[in-house]
Every structure is written in C-alpha cells, then in structure tokens.
Protein chains: 2
Amino acid sequence: MTTTLTIRSAAGTYPVVIGPGILSEVGSRLRAQTGDPDGGVFIVTDDTVHALGYADVVQQSCTRAGYAATVTVVPPRDESKSLEMANTLYDRMLDAGIRRNGVVLAVGGGVVGDLAGFVAATYLRGIRFAQIPTTLLAHDSSLGGKVGVNLSRGKNLVGAFHPPIAVWYDVQTLASLPEREWRGGMTEVIKHALIGDKTLFAELAATPMDRYPGDDAAERLVARAAAVKIAVVEADERESGQRMWLNVGHTVGHAVEQLSHYQLNHGEAIAMGLCVEAQLALDLGLADTETRDQISFVLVRHGLPTVPPAFDFTEVVRVLNLDKKHRSNEWTFVLPVRIGRVDIVHGVTETALHKAWQQVLTGEENQK
Amino acid sequence: MTTTLTIRSAAGTYPVVIGPGILSEVGSRLRAQTGDPDGGVFIVTDDTVHALGYADVVQQSCTRAGYAATVTVVPPRDESKSLEMANTLYDRMLDAGIRRNGVVLAVGGGVVGDLAGFVAATYLRGIRFAQIPTTLLAHDSSLGGKVGVNLSRGKNLVGAFHPPIAVWYDVQTLASLPEREWRGGMTEVIKHALIGDKTLFAELAATPMDRYPGDDAAERLVARAAAVKIAVVEADERESGQRMWLNVGHTVGHAVEQLSHYQLNHGEAIAMGLCVEAQLALDLGLADTETRDQISFVLVRHGLPTVPPAFDFTEVVRVLNLDKKHRSNEWTFVLPVRIGRVDIVHGVTETALHKAWQQVLTGEENQK
C-alpha cells in the first residue's frame, strides 16, 4: 500500500508518495513522470545512508529504467551543506555529463536534500530534482521546496525555492534509523500536530511512537504530519505569512542547535525550543498552563529533552539577531496558543524571552 | 526625456527605464516602487565603474531617499563571476545587515549584473535586486532575469532565473565607455536587429553608430534593441524554445571567447561567431549569400572583427561539447536565415561546422 499526497506550488504540482518498498521503484516512477531518460541522473547521498545500500537500490532502479545514473557520497554532517561542497558537486555533475534535462536525486535526510536541492536549483540555472527521504525528520525538510547551504555565520543563509518534481518516501528506510534519530524526527511530527492536527497530538500523547512502529503505522504517521505541512506551504509558498507557522519552536531551537555546535540534533534542539516558546506564550498571556504542559508532556513521552543547556543568554541573543527572519530591532516569534493553533507574534522583547528561558532552565514556574 | 518599457515575467512585471540622468534618481524611484526603506540597500559595482563615480551617485540618491546604502567594489573582470566572490559578497551583506526585505543594486556591466543578481537570487533564498547598467553590452545582459557565475570549467554554469524589480538605464554613462567597449556592445545591438528589427539593421548598415551618438540617439538605440530582447524573453522566459534565438552567434562566439582566454571581449567574440554561423547557414542552404554578406558588412562598418583567431578546431569542438545547451551527441545552433529572422537548427555536425569555420578563416568562399 502507498499513500499519495500532492503539493501545488508556483512551479507546478508534484506528488508525495509514501509507503514501503518505493526505493526500488524510483527509476520506473521517474521514467513514467518525465519520459525521456536523456540528460542523466545524479544521485547524492551521505556515507551513513550509502552504507545501508539505499542509494545503490535507487541507482539500480534507474539503470533498469534506462538512465545513466551515478552516485556521489558526501559526509553525513551539516558541514556538508556548504558552498565548497556544492562546488564539488557541480564538478562531479560536469564529469557525469549531467545536462539541462538531467535529474538530481537526493537520497538521505535533510542535509542531503538541502544540499542536492541547492545544487539542482543552481546548476545550469536550475535542473529538476526529486527528494527520496530516508529519515523521519526529512518528512519536514523534503516538502515545500526550500533548499540551501550554510555559511560559517549561520544556517541556510544561502539558498533558493526550488520544488522537487516528486517526493518518494520509502518508510522501510525508517526501520534502520537509530533510536535517537527516530525520536529527533518525532519532534517535527509533534510540531505538525501542534500546528494543525490536534487529534494526532492527542494520539501521540496517549500512545507515543518512540520507535519505528511498523510499515503501515509509519506510513500513516508520515502522511498525517506531511498533510499539515502541505496545507501550510500551499497557502504560502514564499513564507510571507502562514508558512512562518512552521517556525514554531525553531527560533529558540535554531539558536540552541547552533550554540551546541550541533552536538544536539535538530529534533532535540527544536524540542527544547518548543518548551521555551510555550513558556513564552504562557508568560505573554497567549496560552494557558495546560497547553504548555501538554507540549512538554508529549515531548517527554517520546524521550525528547525539554530543557536547554545553560548557555550564556547573551550568546542566545547574539545568535537570534543573526537570524534572517528578524527585521530591524524587533523579534518575531511563532508561538503555540493552544494545541492545533499557533500565532505569529511581533515585538517580542529580550526581557520576555530571558524570563521564559530562565523559567524553563530552572523549572521555577513549574513549582508554583 | 526617458523611455519606459515593461517586461512581463513569471515573477511579475518590471519596468525598464532608459534615458539620461537616471543614476541620481535611483533612490527616489526605488522608494516609489518598493515603499519601506527598511532592510537596506547593497550596491555592487566594479573598480572601473566605481572610479567614474556612478556607484557613489546611486548611493547618495539612496541615502537621500532614506535607505542605509553601502557600496561594495569587485575587480572588473569576468573572474569576479565566481562562487568565491559570491561568498565574499554574502559576508559583506551580513556585515551590512541586509535583510530579506533588502535590495541589491548592480551598478555596472554584465559581470556585475550577473554576479550581483546571483547573490540576490540566493542570499536568504532570494531577495530583490535592480539592474543599473553602465555599458552598452548590458542592454542585453540586464534584461530577462538570467544571473549566474562561472566555474573554472565554463561560463555561467551556475546560476538562476531571478528577474530584477527594475532596470534603470542611464544612457549618459555610455558616453564614458572606451570605444572598444562601445563597439563590442554594438554587436548585441546588431544581433537584436538581426533577430527582430530589420529596419534597425538597415539603418545601422547605412549609418553606423560606431561611437556614442549623443543622449537622444543613444536612448532610441538602446530602446529599440531592448524591445527585441523583451519580446523574445516574454515569449519564453525559461529558454525552452524562442529564447534560444538570442543565442545566434553565441555558440561559436562563446567558444572563441573562452579560447582567447577573454582577451577578446564578448562583443568581438560574438561578432566572429555571427560570421561563422552565417557561413554555416549558407552552407546548409538556410540563408543566401546576401544575408551572410550583410551581416559581415554591418559588423565591419562598426569596426568589429569578423574572422576568429586560428584556434585548433579540435579545441573548439571540446569547448562546444562542454556547453550546457547541447544535449547528447548532437549540436543545436541558432542560425540567421535572413535579416530579421533566425531559426533553431538541430543536428549540426562537426564536419559542417569545420567547413564553415575554415571558410571564414581563409576567406575561401568569398573568393568564389
């Protein structure tokens, strides 16, 4: 069984196919969707995913479907999302003879998807690419068309909007995820439930999915979280309004992730960010205590951390002020106001954030 | 007096304003078009143009209009169109505090426009930019939204389609162009006449504009050439068909430019390319002798070279095969079939090109 969702974007509509066994169908699906195999296929993956054989399965399926397909492997770290690595990939693509009608396939998690997508967006002024996620976290990053690389001064400072021609999501790849990676991915599932699926949120609170739940349950879980994201990005592809909702937990979370020098994974940092931002919403009178506590509860139930390391708060402020989403001298946050609803809040002050940060760190508010 | 043309693109419609004295109006025009001056203005120029004071005039006009505006100067060579230079500009933009609602202004020729446009297309996943051309050649490069940088293995291999929000073209800047630069720019004017304005072509053959003709005549000249380009790119922004017309002369011309290590300027190389491709069209029975001779005649009347250096033809073939516009094992050319009309021709063989190349080099056909 597979579930197929579709995303309407300014550049056209593309399918999101979720289910078991899709990896070996990529070649035939690509051929059915695009026709002519001329132009070549360029598969990008990372060492970890490559060792599991997934890119090879994709390559073989492409070869069977008549494509000349090459695999390029990058280190499995966020540092691979760099202009230098993009430059290396351009060279490999020229070596492989990839033409304007060629296709880039990203087989892996968010790092591979963002990097390969950026390269596809800029090589020969943009060629097609498809996302083949192999992590739970990538149910988020693979949808919506955002691609990019990091600069030394911050994440995703360089990039593009370049929607894929398809997302082919083989949930069986998720069975091989280390538990920590699975749980980190659950943060974004929980975030999507918090934004737009309160039933899913309640189900996860009652019956946590803190490990791979089997093919059918994984397919349903991914499809429901993806459906929330799709609805949001369809309403606002270029992030002028509603798409900002997806940043709930991410303003603080990104700062925490960066200050941890990526020793915390993305999901862990965002879990902490959600808790600080829920406290901030409570302090500002936008959310009630129960909402804050439910958010913390469901994260804890999934083995996720809820209290950030005791970073120097002035460092947190410094990183926040580098964030591309902030204009001038005010901070804009997306805060949870109740389960199933988040709001964009302008004019958040350093003082208010400092208070919420301290409360989460010391657990002070909880003891009242 | 100014002439205003408009270009419809997938990303919206933008004005092309041509006339004298526009540099000092950039700030007020920008403010009138975009409103809020928050977000900052980042002006990119090159050393040559900077020495003429044009970027300073633009900066002052932006300051008067309420913008925080900084000027960054790059070397005036094609080598500035690199990922390394883009990386440097990203850093400067972060230093200057340029936000998502900021604007990049490209003050200069094609190198500055392509580089600054690429940086604008990718910084924070894309911010607005405007073209402020100061060369005649840039009447071509500033229109149509193509931006990009070079790799060591070829020109414009990395880039994007990122239309400007406006093109502000102060023709008085053209009065300061060295004669060789003016003539090089005339190649693209002649090319546009060849593609779509046979009256302009006849006028240029009768009365060559081999130097700056004064403000009014320059405004009319630029506007007429721009009108041809605009009609073509509106019909086919993404270069799937008609936009390829603009490549007449460029298939051979780019190879010549590259093999000369850019000792020939773009216009000179394209002039040679036009002559080889006109001979090719004649050989293939697509054009008559008069068409070929008219093309050569008008170029010579403008002091442009019509015979390429005697490069090893196997090197020409090697460079052509790297060109991103060619698929698989066939070459596609855009060839002049008569004045005012070019055609896309598939399946051009190495043998046919070699014959035309030799004929132009030796002048053999001319003596028949």
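Every residue gets a Cβ built from N, Cα and C, even glycine.
Here TrEMBL has A:His250, A:His266 binding Zn(2+), and the candidate from A:Glu188, A:Glu315, A:Glu330 in that same listed site is A:Glu188. Shown are the binding-site residues A:Lys155, A:His250, A:His266; of these, the residue with the fewest other Cβ atoms within 10 Å is A:Lys155. Of all the Cβ atoms in the protein chains shown, 26 others lie within 10 Å of the Cβ of A:Thr135 (NAD(+) binding site). When the Cα atoms are compared, A:Lys155 (NAD(+) binding site) and A:His250 (Zn(2+) binding site) turn out to be 12 Å apart. In terms of C-alpha distance, the listed binding-site residues A:Glu188, A:His250, A:His266 place A:His266 closest to A:Val112 (NAD(+) binding site). DSSP assignment over the domain '3-dehydroquinate synthase C-terminal' (A:185-325) gives 99 helix, 0 strand, 42 coil. Comparing the Cα of A:Asp114 (NAD(+) binding site) with the Cα of every entry in A:Glu188, A:His250, A:His266, these being the binding-site residues, the smallest distance points to A:His266.
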